[in-house]
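These notes are about the structure you will find just below.
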Amino acid sequence: MLHFHQPLFFDLNGMSQPHPSSVSSASHQPSSSSSPGLHRAVTLWQATSINMIEMIGIGPFIVIPLIMQQLGPGWFLIPWLAGALIAALDGLIWSELGAAFPLAGGSYQFLKAAYGTYSWGRLMPFLFVWQTMVQAPLVAASASIGFAQYARYLFPLGFWGQKLLSASIIVCITILLFRRIETIGKISVWLWAGVMLTMIWIIAGGAWSIHIHHSVQGLHFRNNFWQASIMAVMGHATVQAMYSYLGYYNVCHLGAEIKNPARNIPRSMQFSIAGVALLYLLMNISLAQGIQPGAQHNGLAVSIFIEQLFGTSWAKVATLLILWIAFSSLFSLMLGYSRVPYAAASDGYFFPIFSKTHPTRHFPHISLLALSALAFIFSLLFRIEQVISAILAMRILVQFIGQAVGLWLLHRRLDRSHFPFRMIAYPIPLFLSILAWLAIFISTGWKFVLSGLIMIGAGVGVFYLITPWRNKWLKPQETA
């Protein structure tokens, strides 16, 4: 058996139980870490399922054909490889933080631990909660909008028909999440099984096409990669691909509900990233065998691909399974994000009403209802193209780069023993991750960069505006 500090992607022995020092470091955190309202009931298998069903949402079924159209044969694979690399690098950061601080709220707790010792340290976790109250409903809205767009293959839907369906999906998800975490974990595994069935079927369809035609299509590379125009498109395509990888960290938001978190949080993320990256690459190669150039801009390209191979009836079945995937992703992301305002409110960093948990089912029902209400409104107001870049631009500076820098600060303050999981070759992956996220941030476009900065500026203003109330909300140990 291998030892913990050997240079591996994750340890196979030393992470079997939570590291004692991680408990001590977490003991200085707010009481939400050991909240009586939450229970550690989610297993490694369930945690991996929760991550994967959020990652594989409606996004790849819409984005893969678009990237094929933008970059052409061969090169369309590069953004997906780049996205996998960025997710793997960032996943190491999340793994260190998630194993050391297995608390409800994920990034909120990480940012508070990293920056809380500074006079301005309360600003960073507040900014994350502030943007979560906007970007989490945006993510949910994008999933529900994508669901409604894909449903057009089954029955004709006008503009308002799609809006009504997308809003209805938000309501259905909210009702489904009104239950205990033990039940949620079991539901997640069933949803994951449907996701895997769909992905394997699409990949098998491409393999069947290769068998019929005795050749592999779409993998020849043109010699124009280094042209400035291609590089610009590559950056934009990587933004789209990266959006389809988001969710590998969802388990961190559920940190207080994960069994053996020092072991299971890192493992679930590494398994999720590796599994989804492989599925995306195989799915790209598969779809390249049958999607016609004229259909690549069509949001229903994958259903049309199945129709070409197996006929209309099977294409309708495939569309139903794709809708299952979109539904599963929305279920997972709403589950994870509902814990963020709850954790902040439990510590006195956010409006106290969000700290309430359901009296019998033990989950943050007020937080869930608030995010669902905003998602319902956003699903009626926006188009999916507007949402994708806005989501990334809002999150990169505070969440991804902010907690990467925060981990560096924690390493400077705390002994090595405080981190039950350690990334290989530290701090090289950390700095590479920061550079990659900066490149993604710039590639979202100046409009979304500006909107992200405005959102942060507004959050800073609100933070100082509500200072008198925050001082009242803070628990006695925080103000002491």
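Glycine too: its Cβ is placed from the backbone N, Cα and C atoms.
What TrEMBL annotates here:
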type     : residues : note
TRANSMEM : 44-67    : transmembrane segment
TRANSMEM : 74-93    : transmembrane segment
TRANSMEM : 99-115   : transmembrane segment
TRANSMEM : 127-151  : transmembrane segment
TRANSMEM : 157-178  : transmembrane segment
TRANSMEM : 190-210  : transmembrane segment
TRANSMEM : 230-251  : transmembrane segment
TRANSMEM : 271-291  : transmembrane segment
TRANSMEM : 317-337  : transmembrane segment
TRANSMEM : 388-411  : transmembrane segment
TRANSMEM : 423-442  : transmembrane segment
TRANSMEM : 448-466  : transmembrane segment
Residue numbers, six or more beyond the limits of the transmembrane segment (448-466), whose CB comes under 8 Å of its CB atoms: 122-123, 126-127, 130-131, 134, 389-390, 392-394, 396-398, 441-442
Interface present between the transmembrane segment (317-337) and the transmembrane segment (190-210) (three or more C-beta pairs under 8 A): yes
Cβ contacts the transmembrane segment (317-337)/the transmembrane segment (127-151), at least three under 8 Å, sequence gap 6 or more: yes
Contact ranking winner - 74-93, 99-115, 127-151, 271-291 against the transmembrane segment (44-67), Cβ under 8 Å: 271-291
Positions on the same chain near the transmembrane segment (99-115), where near means CB under 8 A and six or more residues out: 15, 18-19, 22, 25-26, 29-30, 32-33, 35, 38, 121-125, 128-129, 132, 249, 252-258, 261-263, 265-266, 336, 339-340, 342-344, 346-347, 349, 398-399, 402-403, 405-407, 409-410, 418-421
Proximity of the transmembrane segment (74-93) to the transmembrane segment (230-251), 3+ C-beta pairs under 8 angstroms: yes
Considering the transmembrane segment (127-151), which listed stretch of 157-178, 271-291, 423-442 counts the most C-beta pairs under 8 Å: 157-178
